[in-house]
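A.B. asks: Okay, handing you the structure first.
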Amino acid sequence: MSQPTIESILQENRLFHPSAEFSQTARIKSLGEYRALCDRASADPQAFWADLARQELHWFQPWDSVLDWSDPPFAKWFTQGKLNLSYNCLDRHLTTDKRDKPAIVWEGEPGDSRTLTYAELHQDVCKFANVLKDLGVQKGDRVGIYMPMIPEAAIAMLACARIGAPHSVVFGGFSAEALRDRLIDVEANVVITADGGWRKDAIVPLKEQVDTALKDARVAVHHVLVVQRTGQATAMEPGRDVWWHDLAPTASTNCPAEPMDSEDMLFVLYTSGSTGKPKGVVHTTGGYNLYAHITTQWIFDLQENDVYWCTADVGWITGHTYVVYGVLSNGATSVMYEGAPRGSNPGCFWDVIEKHQVSVFYTAPTAIRAFIKMGDEHPKARDLSSLRLLGTVGEPINPEAWMWYHTVIGGERCPIVDTWWQTETGGIMITALPGAIPTKPGSATLPFPGIQADVVDLEGNSVGVNEGGYLAVRYPHPGMMRTIYGDPDRFRRTYWEHIPPKDGNYLYFAGDGARRDEDGYFWVMGRVDDVINSAGHRLGTMEIESALVSHPAVAEAAVVGKPDDIKGEDIVAFVTLEGTHQSSEALAKELKQHVTKEIGAIARPGEIRFAEALPKTRSGKIMRRLLRDLAAGAEISGDTSTLEDRGVLEKLREG
Ligand code: PRX
């Protein structure tokens, strides 16, 4: 990769301090306390994490060594330690007064709701786990989960964790084809799904998509466990498909949690990279449990009576860590919502906050921007006074959206934690601790204690104050992914060799550009690779391009992101056509539909631009940088001397 110029034009100097009242009762109360934690963690990282692991989690058997880093970049944490994440999320709370506390408060899109206490959730998880065992699932077997946002999605995940069967959750917005590819790659033999789910006032027929995915002989699934959600007629294949409601009444509630090795695989979650097919990010048990637990506790400042709501879907890492595992491990109340921001109810999020008296609220900038557009009257018509802390995740938040969140939603009293992290890192890496760290709109602020984040050049040297560079992490942390499922070489290449290790010191390359200001605050500027972040969804340009070229009319495709007010980035596809195919409105529509079918609506290009040829270097590499400028309607910037045929650019410009 050549060294691009990373520049930030954002200048933002406003500083917001937490109120004395907030800091007084906060988990971490001052900058001094934060710094002391960082100092302890850098003086003796292993002791820092070991103390937390001992204090915060239940272990069936203690570990031998805290960190085994003898074979970098493959780290092992708490080796030989035995624990179970579902035990830490459920069983250990049952002997305390959390037993009858709401664990999950669920709100369905049509307005139905359910509350499950810790005792009730434990029972359901045990039953679900026993049903999975009856279907032949054994420790180590991978289970696919393709579910709407209903409590059974969390129950299914916890049931898998309970019996030691790694789950692989596939977001319900992915198409049958995308589901099929993930099920094949992860070698799942059981899938858990629902008849359907509600999304934007319509039913998404999930089970139907599973049936389509399973037609491919390469999928090894022999059983489908179906939860009834929407109630429409659903085809069931005898011998393969079973209804959860048929089996639940007789399933035993006795299912002891399997003692898992700290390094046993907990889940595989697919995410997009710059090249090739999506990567199966592998997380393991002990380190992930600890990191999910402690980041949730400190960053969201969990207090006994908090009602915490993270709006993410469980199909993404945010849903794994901050809807399910981190929250329940702390014995807190997690609100789960089936709906998405939608025009038919522009106050839908604010209704949930008012109804359930949500105190901590965590969402994405793209949702915030969508609500800004819908108008202030909607939040203003609701009582949001229960809120005391706000968070954002998924992409850089523009200061205007931050200020709206701060004033209109937070009533100027709630700190905002802007949290930077990735599927790969398992939990939040750079963020404010709300009672301790003053915030600046648009900055994720400072690294979590124990995280050695830096901004570097391609040799791994730290760049100067306010200079752009690559976001990197210098030392392993417990929540980090362990490998890519079935492809350890790709893990090494993708994350650890962009910046060549020096004297055995490996640097994790995150794929984001950033700068650090004079206070050491991080300003994340977005991806430096061919990954698009559209409406908070991470998409590889390669994946969308492969979907496009699989259409018979398309010869070549290049996909880029273009700035968008709501989504952050919209997807623009430049395509050249095969033989006699002619460009037309109808074909553009058909190609968009084709991408929806191949990947899902989240990857549907906003714009298709037909071209006679694509701009390439003499070695044949498509020059996306130029296409990005063209898509944005901007002047072509930077060097075009490596362009093979300058005429191509002129033609594209003329459109
Ligand atoms: O580019 C960064 C952006 O989202 C990417 C990670 O995407 P994903 O693995 O899907 O996880 C999203 C939820 C953790 C990052 O490489 N990103 C995430 N959070 C922020 C962000 N960019 C700027 N600021 C953030 N707070």
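Quick reminder: no glycine exception, Cβ is built from N, Cα and C everywhere.
Straight from TrEMBL, here's the annotation block:
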type	residues	note
BINDING	Arg199, Lys200, Asp201, Ala202, Thr318	CoA binding site
BINDING	Gly394, Glu395, Pro396, Asp418, Thr419, Trp420, Trp421, Gln422, Thr423, Asp512, Arg527, Arg538	ATP binding site
BINDING	Val549, His551, Val554	Mg(2+) binding site
DOMAIN	34-89	domain 'Acetyl-coenzyme A synthetase N-terminal'
DOMAIN	97-484	domain 'AMP-dependent synthetase/ligase'
DOMAIN	543-621	domain 'AMP-binding enzyme C-terminal'
MOD_RES	Lys621	N6-acetyllysine
A.B. asks: Averaged over the domain 'AMP-dependent synthetase/ligase' (97-484), what pLDDT does the prediction give?
C.D. replies: 97
A.B. asks: List the other residues in this chain whose Cβ sits within 8 Å of the Cβ centroid of the Mg(2+) site residues Val549, His551, Val554, in sequence order.
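C.D. replies: Result: Ala547, Leu548, Ser550, Pro552, Ala553, Ala555, Ala557, Val575, Glu578, Leu591, His594.
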A.B. asks: Near ligand 1, which of the binding-site residues show up if the criterion is a Cβ under 6 Å from one of its atoms? Options: Asp201, Thr318, Gly394.
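C.D. replies: What lies within reach of ligand 1, judged by Cβ under 6 Å, is Thr318, Gly394.
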A.B. asks: Considering the binding-site residues Ala202, Val549, Val554, which residue's Cβ sits among the greatest number of other Cβ atoms within 10 Å?
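C.D. replies: Going through Ala202, Val549, Val554 one by one, the largest Cβ count within 10 Å is at Val554.
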A.B. asks: Could you tell me which of these binding-site residues, Thr318, Thr423, has the fewest other Cβ atoms within 10 Å of its Cβ?
C.D. replies: Thr423
A.B. asks: Does Lys200 (CoA binding site) have same-chain partners at least 6 apart in sequence with Cβ under 8 Å from its own Cβ, and which are they?
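C.D. replies: Long-range Cβ contacts: Gly339, Ala340, Arg342, Ser344.
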A.B. asks: Return the residues near Pro396 (ATP binding site) by Cβ distance under 8 Å, restricted to its own chain and a separation of at least 6 in sequence.
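C.D. replies: The list for Pro396 (ATP binding site) reads Pro365, Gly442, Trp523, Val524, Met525, Gly526, Gly568, given in order along the sequence.
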A.B. asks: Which one is it: of the binding-site residues Asp201, Ala202, Val549, Val554, whose Cα lies the shortest distance from the Cα of Arg527 (ATP binding site)?
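C.D. replies: Closest by Cα: Val549.
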A.B. asks: What does the structure give for the C-alpha distance between Gly394 (ATP binding site) and Thr318 (CoA binding site)? Integer Å is fine.
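C.D. replies: Spelling it out, the Cα of Gly394 (ATP binding site) and the Cα of Thr318 (CoA binding site) are 9 Å apart.
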A.B. asks: Once the chains shown are all counted, how many other Cβ atoms turn up within 10 Å of the Cβ of Asp201 (CoA binding site)?
C.D. replies: 13
A.B. asks: Below 8 Å Cβ to Cβ and six or more residues apart, same chain only. Which residues does that give for Arg199 (CoA binding site)?
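C.D. replies: Residues satisfying the criterion: Glu109, Pro148, Gly172, Gly173, Glu338, Gly339, Ala340.
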A.B. asks: Hey, which of the binding-site residues Thr419, His551 is the loneliest by Cβ count within 10 Å?
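C.D. replies: Comparing Cβ neighbours within 10 Å for the binding-site residues Thr419, His551, His551 has the fewest.
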A.B. asks: DSSP on the domain 'AMP-binding enzyme C-terminal' (543-621): how many residues come out helix, how many strand, how many coil?
C.D. replies: 24 helix, 28 strand, 27 coil
A.B. asks: Work out how many Å separate Thr318 (CoA binding site) and Val554 (Mg(2+) binding site) at their Cα atoms, rounded off.
C.D. replies: 35
A.B. asks: I'd like the Cβ neighbour count for Gly394 (ATP binding site), meaning other Cβ atoms within 10 Å of its Cβ, all protein chains included.
C.D. replies: 22
A.B. asks: Give me the largest Cα to Cα distance among Arg199, Lys200, Asp201, Ala202, Thr318, the residues the record lists as binding CoA, in Å as a whole number.
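C.D. replies: Max span of the CoA binding residues, Cα based, is 24 Å.
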